[in-house]
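Features reported for this protein in Swiss-Prot:
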ACT_SITE  D52  active site, nucleophile
BINDING   Y111  substrate binding site
Amino acid sequence: MPRYKLIIEYDGTPYCGWQIQENGPSIQGALEDAAKAICGEAIRVRGAGRTDAGVHALAQVAHCDVPKQLPPGRLRDALNAHLRPQPIGVITAEIVPDDFEARFSAIKRHYVYRISNRRANLALAINRAWRVPRRLDSDAMHEAAQRLIGKHDFTTFRDTECQAKSPDKTLDQLDVIRDGDEIRIVTSARSFLHSQVRSMVGSLVWVGEGRWSADDLAAALAARSRSACGPVAPPDGLYLVKVDYE
């Protein structure tokens, strides 16, 4: 039974997240329904990142085992045909070794968070960026962000319902980049805790507003307490942009 690697783009707005849930539609569920329509039997689709409700992806990676070998391009096109008109697109499909695992074979995940730092309402970026009307000091945000780089106990920045066995994670990158009225927060790690990126972003916005200093952010990290976290940024601005493999 051949295994396929899929690269998937989606608008997470209408979904309860990647993972199948009882309380609403999911990206995983939509893909599995499409695969079942093609193959005539239940197909499990496993993703590299279990994105939350409202979070988007430019290049989510998933794998699935298909009972018969199909040309990768044909599988891609068939999945896209069955997914329409949902905001999910299968960008590529390729046959990979049987031991490839989209989640467990990944060595790094890359996310971008978009902040629209302007007074005007959003028009084209509704549900795709977080509008923060107060002018943010992006340089101060970037400087403070470097305090979070490295291996730390990120209890402060993880959801209270996070099921990870350990709060320890190694953060490889956390850059704050301004381009006109848009601020992009770019972050990379092997893996992240539940709500870690959005928790870090919300706290960095407090730094940008002048409510916190870099020392305050470092103190919040050191507190290892969820109550020490700043606000959690909304899911609208978060994108899974790349997953790395050996």
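Each residue, glycine too, has its Cβ placed from N, Cα and C.
Keep in mind it's a predicted model, so treat the numbers as computed, not measured.
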What's the CA-CA gap between Y111 (substrate binding site) and D52 (active site, nucleophile) in angstrom, rounded?
13
Pick the one among the recorded positions D52, Y111 whose Cβ has the fewest other Cβ atoms within 10 Å in this structure.
D52
